[in-house]
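A.B. asks: A single structure is presented below for examination.
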Amino acid sequence: MAAKDVVFGGEARARMVEGVNILANAVKVTLGPKGRNVVLERSFGAPTVTKDGVSVAKEIELKDKLQNMGAQLVKEVASKTNDIAGDGTTTATVLAQAIVREGSKYVAAGLNPMDLKRGIDKAVVALVEELKKASKATTTSKEIAQVGSISANSDESVGKIIADAMDKVGKEGVITVEDGKSLENELEVVEGMQFDRGYLSPYFINNPEKQAAILDNPFVLLFDKKISNIRDLLPTLEQVAKASRPLLIIAEDVEGEALATLVVNTIRGILKVVAVKAPGFGDRRKAMLEDIAILTGGKVIAEEVGLTLEKVTLADLGQAKRIEVGKENTTIIDGAGAAADIEARVKQIRIQIEEATSDYDREKLQERVAKLAGGVAVIKVGAATEVEMKEKKARVEDALHATRAAVEEGIVAGGGVALLRAKQAVGNLSTGNPEQDAGIKLVLKAVEAPLREIVANAGGEPSVVVNEVLNGKGNYGFNAANDTYGDMLEMGILDPTKVTRTALQNAASVASLLLTTEAMVAEAPKDESAAPAMPGGMGGMGDMGM
């Protein structure tokens with residue numbers, strides 16, 4: 001086992017605080033409408049230019065082990081805030097640095113760190129309560145657009161496209177962000193349920209222009225095994241032919257004789273049939289087949305529930321108004337399933353989302369909810385170069401998360417104003433314990449940090465602006481984009497309550513850990529000069545006794 005260095009007390013905290021400052025100073029230059037860019041080196045290809053706090057934080061690894069521990073703890077603040085609220089990473093980092101900076105002065109002066117921590121916790125609880133009181137529900141498309149714009153570093157086009165997407169697919173619908181092909185951002189909306197499986201044979205195409213098979217008012221057969229024998233399918237095909245309606249077959253696979261017969265019948269115009277593979281794999285495939293069954297009002301034909309292909313009746317088949325099958329995707333529009341059944345299924349999946357442990361599972365479950373509930377909107381981000389594309393895409397994703405957070409918990413005045421108003425509301429909070437009161441005091445001072453940083457990045461004088469804002473009331477604040485004062489909500493400068501709350505709670509949590517640290521253990525640096533000399537090579541020809 002390698003030797004370890006153990007550092008105690010003030011020295012340990014001082015080294016950690018140095019690490020916190022290095023990371024926070026790199027991150028906080030991106031805060032506000034006039035935030036600066038940070039350039040990140042890449043091992044290959046062009047460097048990345050970003051104004052996204054969490055992207056900067058993730059890149060930082062310090063050589064000094066003890067400094068690095070401090071930096072990694074603050075990186076955790078940014079990542080955690082990003083995971084929960086999807087935005088507010090820079091605000092969280094600035095708050096954490098401010099609480100650590102103020103707190104370490106008190107600890108150095110001999111105050112008890114545990115009492116300071118209790119005071120910090122009490123102040124945070126009181127501030128969060130005030131933020132919730134000040135919160136206003138987001139109802140209009142305009143407010144949603146404003147939240148998106150602020151999060152995307154005051155880019156109004158991003159806010160507008162997110163608001164449009166939410167109008168189209170609802171606030172619960174899935175909105176994904178992809179690379180676009182043009183210079184402009186584009187919005188594409190997929191109505192109904194779409195899954196990523198296309199026709200099994202190009203002979204099924206009946207619309208050459210779209211290169212797709214379009215079925216109007218079709219039946220839908222859902223089967224969870226392979227179909228290779230046409231005899232199994234004959235009873236179903238006969239019933240569908242009598243009803244003179246098209247049929248979509250969704251099965252694990254359709255192959256051999258069965259596929260050939262379907263193709264021949266389609267070409268001859270005897271039947272209008274399309275076969276596609278079922279989406280997903282394993283258990284997820286079964287769940288998605290069940291989703292399609294509920295959406296179309298049909299049943300999944302599976303042996304475990306006692307259903308076989310030979311015994312299928314028209315009542316077991318799903319129905320839809322229209323189905324489009326392309327080379328890679330199938331879209332079911334206006335399924336005939338009962339609204340109550342669909343709602344019950346959505347509720348069931350939501351419970352699974354809450355219980356899901358991995359991000360991947362959660363994402364897939366959310367996609368299933370959206371496909372059942374509202375549809376999917378795709379925002380295609382346009383840019384001139386790949387470097388710009390990456391930066392823009394990261395901002396759009398941030399803005400999307402912030403907008404979702406605003407819909408969830410409402411909005412407060414942006415630009416650091418909400419925290420100042422909360423500070424004024426709890427200004428006379430006291431515990432009767434001087435050391436805990438010091439903890440409260442340091443948090444109330446630290447909440448000024450985001451506004452101070454926004455002003456500093458815009459080239460203003462932070463103290464002057466903070467005093468001016470504190471003298472105002474309600475949503476009165478400073479618009480750093482054009483150096484004016486006024487009502488923040490009217491100027492469209494809003495923050496989601498969830499983002500501000502999460503940033504404050506996570507910053508205080510990690511800062512408290514740093515302040516109550518009394519010892520640090522890290523691997524001792526290896527002494528390069530003490531390395532043994534390399535053994536000599538073989539002698540030349542003259543030394544070999546020739």
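For all residues, glycine too, the Cβ spot is worked out from N, Cα and C.
As annotated in Swiss-Prot:
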- 30-33, Lys51, 87-91, Gly415, 479-481, Asp495: ATP binding site (BINDING)
- 527-546: region 'Disordered' (REGION)
- 536-546: compositional bias 'Gly residues' (COMPBIAS)
A.B. asks: Would you find the one among the binding-site residues Gly32, Gly88, Gly415 whose Cβ has the most company, meaning other Cβ atoms within 10 Å?
C.D. replies: Gly88
A.B. asks: Thr90 (ATP binding site) has how many other Cβ neighbours within 10 Å of its own Cβ?
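C.D. replies: Here the count is 28.
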A.B. asks: Helix, strand or coil: which one is Thr90 (ATP binding site) in, per DSSP?
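C.D. replies: DSSP call for Thr90 (ATP binding site): helix.
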A.B. asks: Among all protein chains shown, how many Cβ atoms are found within 10 Å of the Cβ of Lys51 (ATP binding site), not counting that one?
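C.D. replies: Excluding its own Cβ, the number within 10 Å is 21.
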A.B. asks: Through the lens of DSSP with three states only, how would you label Ala480 (ATP binding site)?
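C.D. replies: Reduced to three states, the DSSP call for Ala480 (ATP binding site) is coil.
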A.B. asks: If you count other Cβ atoms within 10 Å of each one's Cβ, which of the binding-site residues Thr30, Ala480, Asp495 has the most?
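C.D. replies: When each Cβ's neighbours within 10 Å are tallied, Asp495 leads.
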